[in-house]
Amino acid sequence: MGPIEERLDVDDEEIPFSSSQATEVGALHFESSHFIPHANMSNSWFLRKIQISPFRSIYVVLIKAKINVLLPFGPLAILLHYLTGKHGWVFFFSLLGIAPLAERLGYATEQLAFYTGPTVGGLLNATFGNATEMIISVYALKNGMIRVVQQSLLGSILSNMLLVLGCAFFTGGIVHYPKVQVFNKAAAVVNSGLLLMAVMGILFPAVLHFTHTEVHFGDSELSLSRFSSCVMLVAYASYLFFQLKSQPNLYSAIDDDARETTAEDCGEEEAPEITHWEAIGWLAILTLWVSILSGFLVDAIQGASDSSHIPVAFISVILLPIVGNAAEHASAIMFAMKDKLDITLGVAIGSSTQIAMFVIPFCVVVGWAMGQRMDLNFQLFETATLFIAVLVVAFMLQEGTSNYFKGLMLILCYLIVAASFFVHVDKATG
């Protein structure tokens, strides 16, 4: 009873219960500053009941995040598909509906990682981090739309490297001007090396095809692509082992920054908001819903291109990635404004590395299993664009510093890329 009596002497302005209870109340937006101790004990019991209930899980996953206001656009896209058949609107609403699902998939993966530890959490992130792109790609592969798969994945890499990183560097540089922001140079160099390796894997099949030096025309580049994809998957698995087990100290600054940022935002140590089985259930539900919407999205691409007179290449390389990575854009900019550039690089460059070294080779292997001739020959225009973009970003990261001018340069580079694909006629389509 001693601690309770001491609490009674505290001023009314102070919250008379523990930090964990305060966080539970704060999460539900209750006013708690004038509760007496006995009321607090009963209230904390009530909150614990809510926290483990399905309603609490639904609130946290489907209502709490502001981006969830876009969720109704998914069902609306399906209704429009069956009622009107207007592919332009179906495509647009499908894009808007998938954006919050992509962010919630990342959230559910993050929650599950609390219970699995860093190693399995890293593997989960590798699997579900770009689950939206993978699901859309598998649906497009089933329909034989190999060029849409190639261009959308290429667009995700370009969007993360140039637009996301550029906006983060620019806003961070403006907010912290005239300070020069710094980041973990060693981790950035490792990611740059992996991106260059991915460029090499994509470049050689294209060069082999366009120089007409194949042993068996059409088959040699496919065989080379499948072999290179397996090598790239091994390289990415080795990178995960290197990052999580062999040399974790190389990435300790990133983890420390992530924990500090969460502590600043939440006022205490980071803790899961949903249970282990709830996270697994939400991963299954969200993946299924993304799969359904992806089918309507892929079916509407060609019709949307015809109705809006926008090239399919521009839709695949520019529009799909911008909307699909909207949550990553926002989080990268937010961390840059808080001077947490190591996390920003993990979001932008880390995601680009994941797509280049894991998602693209994975799609080649899946196409192989489906009997689709998915290869790493992205055509000369796309391959040259990727090669130049990776070189530009590698030069920007080599000093380990950033400022608003570097960000502006990356944004302008992305505008040049977008304009190029708007006037680009993809002769390989079809």
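Including glycine, each Cβ sits where the backbone N, Cα and C put it.
Curation does not apply to TrEMBL; its annotations are automatic.
Per TrEMBL, domain 'Sodium/calcium exchanger membrane region' is recorded for 89-244 (among others).
Counted with DSSP, the domain 'Sodium/calcium exchanger membrane region' (279-421) comes out as 122 helix, 2 strand, 19 coil. Summarising the annotation, TrEMBL assigns domain 'Sodium/calcium exchanger membrane region' to 279-421 (among others).
Summarising the annotation, TrEMBL assigns transmembrane segment to 58-82 (among others). If one looks beyond the transmembrane segment (58-82) by at least 6 residues along the same chain, the residues whose Cβ comes under 8 Å of a Cβ in the stretch are 27, 89-90, 93-94, 96-101, 103-104, 107-108, 273-274, 282, 289, 292-293, 296-297, 299-300, 326-327.
Annotation comment: TrEMBL describes 89-107 (among others) as transmembrane segment. With a threshold of 8 Å between CB atoms, the same-chain residues lying at least 6 positions outside the transmembrane segment (89-107) that come near it are 61-62, 65, 67-77, 80-81, 128-129, 131-132, 282-283, 286-287, 289-290, 293-294, 296-297, 299-301, 303-304, 315, 319-320, 323-327.
TrEMBL lists 119-141 (among others) with the feature transmembrane segment.
Look at TrEMBL and you will find 153-177 (among others) tagged as transmembrane segment.
Annotated transmembrane segment per TrEMBL: 189-211 (among others), in sequence order.
If one looks beyond the transmembrane segment (223-242) by at least 6 residues along the same chain, the residues whose Cβ comes under 8 Å of a Cβ in the stretch are 122-123, 126, 190, 194, 197-198, 201, 204-205, 208, 353-354, 357-358, 360-362, 364-365, 368, 374-377. The transmembrane segment annotation in TrEMBL covers 223-242 (among others).
Sequence annotations record features per position, and here TrEMBL assigns transmembrane segment to 279-298 (among others).
Summarising the annotation, TrEMBL assigns transmembrane segment to 310-337 (among others). Within the chain, the transmembrane segment (310-337) has long-range Cβ neighbours (under 8 A, six or more residues past its boundaries) at 67, 91, 95-96, 98-100, 102-103, 106, 132-133, 136, 147-148, 151-152, 154-156, 158-160, 163-165, 167-169, 171-172, 175, 181, 261, 301-302, 304, 343-344, 347-348, 351, 382, 417-418, 421-422, 424-426, 429.
Residues or ranges marked as transmembrane segment by TrEMBL: 343-368 (among others). Residues of the same chain lying 6 or more positions beyond the ends of the transmembrane segment (343-368) and with a Cβ under 8 Å from any Cβ of it are 126, 129-130, 133-134, 137-138, 141, 146, 149, 153, 156-157, 160-161, 164-165, 168, 172, 183-184, 187-188, 191-192, 194-195, 197-199, 201-202, 225-226, 228-230, 232-233, 235-236, 239, 254, 257-258, 261, 325, 328, 331-333, 335-336, 374-376, 393, 397.
Among the features that TrEMBL reports, transmembrane segment is placed at 380-398 (among others). Within its own chain, the transmembrane segment (380-398) is flanked in space by residues 150-151, 154, 157-158, 161-162, 165, 169, 185, 188-189, 192, 195-196, 199, 202-203, 206, 210, 317, 345, 349, 406, 409-410, 413, 417, 420, 424, which lie at least six positions past its ends and keep a Cβ under 8 Å from the stretch.
According to TrEMBL, the transmembrane segment annotation covers 404-425 (among others).
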